[in-house]
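Student: Shown below is the structure under consideration.
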Amino acid sequence: RALLAVSLNLMALLFSTTAFITTHWCEGTQRVPKPSCGKEKKTNCLNYSGNETANETNQNVVHYSWETGDDRFLFRYFHTGIWYSCEENINAAGEKCRSFIDLAPASEKGKTIQSRLLPLLQIALVLFLVVVPCQGKRYSPSTQGPPRVLWLSVVSEVLYIMLLVVGFSLMCLELFHSSSVIDGLKLNAFAAVFTVLSGLLGMVAHMMYTQVFQVTVSLGPEDWRPHSWDYGWSFCLAWGSFTCCMAASVTTLNSYTKTVIEFR
């Protein structure tokens, strides 16, 4: 069981780290106007009057196109992570990326998102105070301003990974270097506590990011808003990491309980 717990914790750590640094939490398509055809652009473009040469040389000619409705638009692929949002470049090969933190609506970070995520923020604050005790000057809501939910989600993800590392280290110590039953039980108990805390913190972080993305879809920049979207493989890895983390904590607690019963 100890080896199983270590394996599950390692999988959770790998999954969470991969999800944190990748940009496929959400993916879909964006509807953008087709560019005008030119010498370098021959396809997926608007060919006014059927003659792109005339379009460029004679500016006094009235241009028209037979394309209407959705035919006037392109549906380009995009994918978004915690740090960056990348979309297909319609004018050249490859992708262009921009910071997702800059895309989140600033006016909503302290209002709409805060009202939607107030219960999650309270849970995250309690977990933060439990895991990282406050030192020095105490937090004052009246002087700190509205919370930045996206940054809180990022901090929670970082703490989640750090606690997974601590839990994994304690499990390895208990598995390979425990010299007595009492020392093994202490390491087992601390590993279980840290793993449970990391799982709860990771759950809150994932839910906060999901809510921030949904608000950004509705209130983000016009040139970025998706036409359709769904969750990507990074999102699945993040929740798979949470599942492995909680399974590791249950296995560790089970092993601890069994050892205590046998020791008595």
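Just so you know, glycine gets a Cβ as well, placed from its N, Cα and C.
Grabbed the feature section from TrEMBL, which reads as follows:
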TRANSMEM  6-26  transmembrane segment
TRANSMEM  117-138  transmembrane segment
TRANSMEM  158-177  transmembrane segment
TRANSMEM  189-211  transmembrane segment
TRANSMEM  231-256  transmembrane segment
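Could you tell me the structural context for the features on the list?
Tutor: Counting residues 6+ beyond its ends, the transmembrane segment (231-256) has Cβ neighbours under 8 Å at 1-2, 4-6, 8-9, 11-16, 18-20, 22-27, 79, 81, 164, 167, 171, 185, 188-189, 191-192, 195-196, 198-199, 202-203, 206, 210 in the same chain.
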Student: State the non-local partners of the transmembrane segment (158-177) in its own chain: residues 6+ outside its ends, Cβ under 8 Å from one of its Cβ atoms.
Tutor: 2-3, 5-6, 9-10, 12-13, 16-17, 20, 128, 131-132, 184, 187-188, 190-192, 194-195, 197-198, 201-202, 205, 245, 248-249, 252
